[in-house]
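Annotation comment: Swiss-Prot describes 17-37, 63-83, 85-105, 135-155, 158-178, 190-210, 230-250, 254-274, 279-299, 328-348 as transmembrane segment.
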Amino acid sequence: MFDLLGLRLLHYITFRTAYATIFAFLLALIFGPFIILRLKKLKLDQILREDGPKRHLSEKMGIPTMGGILIFFCVLVSLFFWINLWNVYFLIVLFVMISFACLGFMDDLLKIKRKNADGLNPRFKIYGQILFSCISVTMLYYFGGEHISIIYFPFFKSLKLDLGVLYIPFGMFILISASNSFNLTDGLDGLAIGLSIVVTGALVIIAYLTSRVDFATYLNIPNIKGSEELVIFLGALLGGSFGFLWFNAYPAKIMMGDTGSLSIGAVLGMTALILKSEILFAILAGVFVLETLSVIIQVAVYKKTKKRVFKMAPLHHHFEELGWSETQVVIRFWIIGLIFAIIALSTLKIR
């Protein structure tokens, strides 16, 4: 059918991925100004924490939030044209994206309504994350194929661990951790979305390699049937993220909000689960891990000694307090994120 219509190229994953990426990017450029204007008219402005860097209270006041809406709109419209909508992995990732985005949307809305940075009750927020991660990981466990409960370790050719049904709580931990660490990192113009572009780009490569029997056999990594549609999904996410960065780069015209940050983190975590890259993901998302550890260390040490290890947490604020400009922090963190990604990808061959 495709051949008769002269659409043979639609059989190729690389072609569909390329155009899903370009399409999502162009949609973001076209609809970005309209969405920013609409959010401003609705007075959906970013609510800033009073305990953050003082200059943020003046520089970032009045910037519209909930920018995740722009990303997901562009991604979903693009995917409608380029992806197999009934692929099981796509449906699971789609559920994760929508459910965590709704949770983040509620959080953003409450912050704006109450005019403070508290948002959802922390207990309700974590319960929501537990519920959505439990549903999605359980779906993955039962519909994800024979390899799904096996964990593969970087650097080791034959070292693997089959968790069985315990993979469900393990996967939930990955999902919730990824979601919250991304949320913590979203504190400077372009920081979180730039780092997510690096992680997403690396996952595109991994997804493509695992979808091909020849590459998977050569690299001694699992061949995951159906993961080729994840290449297209990640491509669209990459394009939407680049489009969002166009408006989120310093000085930002729009902020991602929890609508975007909670969801993108969870989506990347779920993608890592599907691609059997759970341990590799910890290396790939190294900057996000460091940001989260800085908060955990800061809180734990302060509770015990009443002293601070960092001038301010998360880690990006520590460097701001040391005198780095916002753009210096962002670009240097991007560079570090890229190094982590290169290390992670290199482990595919070092086995």
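The backbone N, Cα and C atoms fix where each Cβ goes, and this holds for glycine too.
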Other parts of the chain folded back onto the transmembrane segment (17-37), taken as Cβ under 8 Å at six or more residues beyond its ends: 64, 67, 69-71, 73-75, 77-79, 81-83, 204, 208, 231-240, 242-244, 246-247, 253-254
Surrounding residues of the transmembrane segment (279-299) on its own chain - C-beta under 8 Å, 6+ positions past either end: 151-154, 174, 177-178, 180-182, 184-185, 195, 199, 202-203, 206, 265, 268-269, 272, 308-310, 313-316, 318, 333, 336-337, 340-341, 343-344, 347
Annotated stretches the transmembrane segment (85-105) and the transmembrane segment (254-274) touching (3 or more Cβ pairs under 8 Å): yes
Contact call for the transmembrane segment (63-83) against the transmembrane segment (230-250), three or more Cβ pairs under 8 Å: yes
Spatial neighbours of the transmembrane segment (230-250) far in sequence, C-beta under 8 Å, 6+ residues away: 13, 16-18, 20-29, 32, 36, 67, 70-72, 74-75, 78-79, 82-83, 89-90, 93, 188-190, 193-194, 196-197, 200-201, 203-204, 207-208, 211, 256, 260, 264, 267, 271, 274-275, 326-327, 330
